[in-house]
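What follows is a short report on a single structure.
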Amino acid sequence: MSAAMRERFDRFLHEKNCMTDLLAKLEAKTGVNRSFIALGVIGLVALYLVFGYGASLLCNLIGFGYPAYISIKAIESPNKEDDTQWLTYWVVYGVFSIAEFFSDIFLSWFPFYYMLKCGFLLWCMAPSPSNGAELLYKRIIRPFFLKHESQVDSVVKDLKDKAKETADAITKEAKKATVNLLGEEKKST
């Protein structure tokens, strides 16, 4: 690990949060430097993602759990920059999930797939301005969206109109059925 990365990693491990508090307690009880403990945990998780049962679930929990928590905090904060950062992550996560749905049957057979997927998701949620989600959104998703926006808007409008027509027709039929049922009930009494 380069000196700059090691220093940044150590700074990250000394920030105040529940995980670093737990690391501090472990460090105090064992006498082992918290960076070694963290690297050990990372190594165990990586091994589990390669060989463990339920690696898919663990990977999805990592890709969903922390971002969901931070997204809720971002919604509750007055700052809107963090909202944009996490909305970008969720757009990329959604696109990735759809692509993965069609390719997962093949990819899940590769031994390092879930470890690589987890690394990809961690890269997408990295706390830096040029993280994976930002990069993929700006270079791939946004240009594609802008190119096809009017067509997608048209399809969405058509679907919305058809859904409204269907809901109105079902409501109308339900009202008729209710009136008929009540009318038959009055006749029988």
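In case you wondered, yes, glycine gets a Cβ from its N, Cα and C as well.
If you take every residue in the topological domain 'Cytoplasmic' (1-34) and average the pLDDT, you get 79. If you look up Swiss-Prot, you'll see 1-34 (among others) marked as topological domain 'Cytoplasmic'.
The annotation topological domain 'Cytoplasmic' is assigned in Swiss-Prot to 75-84 (among others) on the grounds of similarity to another entry.
Residues or ranges marked as topological domain 'Cytoplasmic' in Swiss-Prot: 124-189 (among others). Note: the topological domain 'Cytoplasmic' (124-189) comprises 58 helix, 0 strand, 8 coil (DSSP; helix = H, G, I, strand = E, B).
Residues of the same chain lying 6 or more positions beyond the ends of the transmembrane segment (35-51) and with a Cβ under 8 Å from any Cβ of it are 6, 9-10, 13, 23, 26-27, 58-59, 62, 111-112, 114-115, 118. The transmembrane segment annotation in Swiss-Prot covers 35-51 (among others), and the record cites similarity to another entry as its basis.
Under the heading transmembrane segment, Swiss-Prot lists 54-74 (among others), citing similarity to another entry as support.
Per Swiss-Prot, transmembrane segment is recorded for 85-103 (among others), and the stated evidence type is similarity to another entry.
Per Swiss-Prot, the feature transmembrane segment maps to 106-123 (among others).
Long-range contacts of the transmembrane segment (106-123) within the same chain: residues 45-46, 49-50, 55-56, 58-59, 62-63, 93, 96, 100, 131-132, each at least 6 residues beyond the stretch ends and with a Cβ under 8 Å from a Cβ of the stretch.
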